[in-house]
Amino acid sequence: MLFLGCIKEVSDYDLAISLPNGLSGFVPVTQISDAYSKLLTKQVAQGELLEELNPLPDMFSPGTLVRCIVTSIEKSDDGRRSVKLSIDPKKVNKGLNSTALAAGMLLSGSVLSVEDHGYLIDIGVTGTHAFLPHQKAKNYIKAVKKGPDLKIGQNLNCLIVEVKNEGRVVCLSIDRSEVAASIATERQNWALSNLLPGLVVKARVQKVAPLGMKLTFLSYFTGIVDFMHMDPEKSMSYSPDQVVKACVLSVHPTSRAVRLTLRPPFLHPGGAPHQLPSQHMGAVLEEATVKAFYKQFGAVFELDDGTLAFARLKHLSKTRKSFKPGAFKEGCKHKCRIIDYSLMDEMCIVSLKHQIIEARFLQYQDIHTGDVVQGKVLSLKPIGMQVKVAEGIRGLVPSLHLSDVILKQPEKKYNIGDELKCRVLECNPGGKKLILTLKKSLVQSKLPVLSNYEDAKPGLITHGFVVCAREFGCIVKFYNDVKGLVPKNELGSEPISCPEKVFYEGQVLKVMVLKCEPQQERLLLSFRLSSRPGPEDKWKCTPKEKQEVKYQIGEIVNVKILKKKDNGLEVSILEDEDNVVAWIPMLHLSDFVATSKHLWHCLREGDVLPRVMYLSDKGEHIILSRKSALISAVQEKQVVRSFSEIQPGMLLTGYVRNVMPFGVFVEFPFGVTGLAPKVSMSDKFVTDTKDHFVVGQTVIAKVMSIDEEKQRVLLNLKVSECSSGDSAAESFALLNQYFKELKEFRDMLRRGEPSICELVPGKKVHLVVQDVREDGSAVFSGGSVAGLTVTATRYHLGEKNIAPGEKRKALVLHVDAVTSEVYVSLREELLKQ
């Protein structure tokens with residue numbers, strides 16, 4: 001079947017074509033012309049780019065009208081049909097022969113070769129040589145602006161100016177004014193076997209019906225104009241015997257049905273239909289008015305700006321059963337969303353379906369790199385998994401990104417139809433390319449998304465994945481194909497001699513940007529996040545060179561808080577006349593990570609902290625610690641001052657420096673660091689190292705082995721291996737220390753929020769019901785809990801039905817001083833105790 005179509009999108013591999021009545025199809029790169037296909041074959045055979053072979057975007061522009069023929073209709077796995085087309089003149093003009101050619105005919109041609117005086121054109125007619133002189137092409141070339149010459153394979157609207165030697169030689173013109181003035185006439189001897197779409201004819205109205213009109217043209221042809229192709233300005237004023245100008249839209253070879261359009265942009269050959277501004281695509285319209293309803297096709301709506309829109313029958317309701325024809329009487333208003341624009345009908349295509357109106361994505365342009373999207377598994381292939389993100393939007397999860405670790409048998413983990421949460425690694429709307437990742441650490445990451453080199457500022461910490469580990473270091477990739485190098489000396493706090501044994505392809509790690517050169521697309525990275533502070537972490541501190549080092553590691557000092565920062569405290573050492581500035585990281589305020597956060601919350605600028613230990617002076621800063629376990633270890637000399645003092649079997653107190661997927665790095669006072677591999681981390685089976693340890697946690701580690709040559713220490717963190725013998729006494733001492741710090745925290749809290757200190761678990765209070773939430777929980781207020789958020793879950797309301805304003809007696813279950821939240825219970829069995 002022959003169609004007049006309009007180019008919608010151009011990619012390197014195909015042309016997306018808008019067809020009449022909201023249909024669409026595509027022309028593969030192999031269906032442009034014979035000459036173009038030969039060049040493609042030659043390029044593939046030679047394996048190098050040919051100068052005379054131009055990519056499709058250099059020859060075709062969106063909005064251009066082309067004649068095409070349907071070559072096949074393919075059905076995809078999910079039942080969607082795709083129409084495959086060809087614009088090859090040999091197929092489009094196959095009904096023509098050299099004897100049928102006549103001056104004034106308008107037909108499709110394709111550039112065959114560039115000659116001295118013009119161009120040889122392939123018009124698909126065997127035994128005919130078609131020539132286009134330079135003179136007849138120069139105005140067209142100037143207007144199209146695709147270069148100084150026409151290119152091999154370029155599709156043209158050609159007007160036959162002269163026919164010589166009984167059709168064996170024809171002279172052509174593509175001059176825009178000559179083409180636009182051409183009208184098909186009886187003298188050109190058109191027959192039904194060779195009638196072409198795109199011809200403009202004078203036609204006579206034979207019959208007017210509700211769904212369209214019947215016309216006669218070129219003496220004995222009849223054709224149909226449907227409701228979408230009447231001139232919107234005159235649609236109500238057509239009458240039998242009226243003479244109108246029309247353009248052939250499609251020709252069906254077997255049924256001999258011809259469809260025409262009366263829309264103004266098509267009534268001059270070479271015209272271009274109106275385009276929809278891109279910002280309107282996907283717009284939700286609150287009120288679209290029904291203009292006409294056609295029970296077999298759909299409804300035409302008038303939008304706020306007066307333009308027309310069409311909704312197919314299946315887009316008017318969720319299911320066929322829920323469809324109510326009565327809701328689509330003329331004048332009824334409906335909420336809808338623009339889902340497409342049909343260039344050939346000059347109409348927006350809309351949908352009234354609720355799930356489409358609410359949909360987050362409608363086209364590839366709506367998706368951005370770094371977005372977290374919901375997808376449905378369509379298929380599993382060796383290169384990866386195909387995922388449906390939305391109607392008409394598909395993405396690929398490469399094999400490397402199916403999981404945090406490489407999956408040998410992904411079909412055991414994923415099934416077709418599974419709903420998954422993915423993250424967009426790369427999105428190229430032009431090429432309809434969407435690359436996704438299922439790596440949990442990337443999908444759940446709260447760190448910034450690095451998708452271009454300009455954003456890679458020194459100090460930025462983000463997640464990336466290893467693509468290659470070699471003796472020189474690791475190549476790490478981010479979003480949009482941004483990649484950088486982690487050199488060998490930046491792989492970890494300890495020297496790593498064989499990076500390929502420690503890191504694996506696809507491994508997700510936190511990295512810090514050290515240096516970036518956006519123009520050269522060069523990026524230098526580090527895995528040593530704590531080795532140097534990022535711009536946010538910097539605190540003003542006298543550089544080490546400028547201050548005389550007066551303190552020894554292990555020395556106890558008193559300090560005054562100068563400034564509170566998100567990750568610690570800037571302090572001055574009180575005993576020092578020079579006001580030496582030092583830093584206490586938040587996680588060094590206590591042996592217990594939770595207590596560290598509580599203490600940081602309560603401390604104020606100007607407070608004095610007694611008994612703080614000088615821990616290290618690495619880099620520019622003096623680091624202090626308040627961890628009592630570390631202080632005791634140093635004072636009781638249960639420490640090692642250098643690598644040479646370490647012996648296998650030693651028990652050492654330290655703190656977690658870094659948690660990696662392969663193990664935990666532990667640092668001890670005086671700067672010695674060791675690694676506890678995954679197998680020696682816990683008495684339980686370890687799947688994810690992050691579930692067992694957090695950075696800053698105080699630990700007791702047992703030395704398993706030492707490698708003097710590589711200066712490496714291997715540790716064991718299993719509780720069963722790390723006890724000195726009297727585990728009951730150790731546990732009691734730890735518990736005692738915890739309660740001591742908890743009391744200190746409560747004393748500090750008393751000065752800032754005295755009311756919260758009076759609320760201890762087990763205390764009974766009188767409260768007033770403020771609100772009952774949808775989930776069944778309730779919120780309370782009262783004099784004793786002023787300024788606090790007091791909540792009881794549905795379970796803790798017991799069997800009682802409560803209403804706002806009622807007074808109730810409650811029992812305090814838990815108090816969170818940091819967030820000022822109190823949890824209570826109204827259950828009788830607890831209140832009676």
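Each Cβ is built from the backbone N, Cα and C atoms, and glycine gets one as well.
If you look up TrEMBL, you'll see 1-88, 104-175, 198-263, 370-439, 459-528, 554-627, 649-718 marked as domain 'S1 motif'.
The stretch with the most CB contacts under 8 Å to the domain 'S1 motif' (198-263), chosen from 1-88, 370-439, 459-528, 554-627, 649-718, is 1-88.
Under the criterion of 3 or more C-beta pairs below 8 Å, with sequence separation of 6 or more, the domain 'S1 motif' (1-88) and the domain 'S1 motif' (370-439) qualify as touching. Residue counts for the domain 'S1 motif' (198-263) by DSSP state, with H, G and I taken as helix and E and B as strand, are 3 helix, 35 strand, 28 coil. Confidence in the domain 'S1 motif' (198-263), given as mean pLDDT, stands at 87.
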